[in-house]
């Protein structure tokens, strides 16, 4: 099956405080976006990637990904993440009309191992309509009331943190976005809303989401 990947990277990432769009923040000399796209490439399973970038940063993003030019298309993203995914999906279907599997990947998860990408693709190819990589929750989880007082301790044995890339049969993702509203942060959640089944594969600790300056410092320390 032909596999395409979408990277919605039009956000500004103000929490990172780097003065540039989060996707272009460098870690050890290479941007988060470049590392994320390279991981998709190195999986050996993705035919093409479409990046949705800030409209005024498209030339900069194209320059950043110049070494992967034949593998990547860059399109202007939208005001919301859902807009960017829709725009990237339309471009992916234009560029690779026979695509049957689509991945949606966060540039902020720049260190996701290629093996995780392969596992997600394999699960979709084997029949799962939607797949997410997950890790067990390590922290104790408390449920609180409106005043902030603890109501109960949640059984964490069935809880998982979700990573990316999330994988989908392309028609399933298309249907989910056709039914979606304007704002959503989790693509698999949209599949859940239309009654679709979402399966899991093991994630990886290296696929942490880089959101704050502290996260960035951790990533730099790991690479040092």
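Any Cβ shown, glycine's included, is placed from N, Cα and C.
Here the structure is a predicted model, which means the values were calculated and not measured.
Annotation source Swiss-Prot lists site 'Transition state stabilizer' at 15, 22, citing sequence analysis. The site 'Positions MEP for the nucleophilic attack' annotation in Swiss-Prot covers 156, 209, and the record cites sequence analysis as its basis.
Mapped onto three states, the DSSP output places residue 156 (site 'Positions MEP for the nucleophilic attack') in helix. Counting other C-beta atoms within 10 Å of each candidate's C-beta, the recorded sites 22, 156, 209 are led by 22. DSSP classifies residue 209 (site 'Positions MEP for the nucleophilic attack') as coil under the three-state reduction. When the alpha carbons of residue 22 (site 'Transition state stabilizer') and residue 156 (site 'Positions MEP for the nucleophilic attack') are compared, the span between them is 31 angstrom. When secondary structure is read from DSSP and collapsed to three states, residue 22 (site 'Transition state stabilizer') falls in the helix class.
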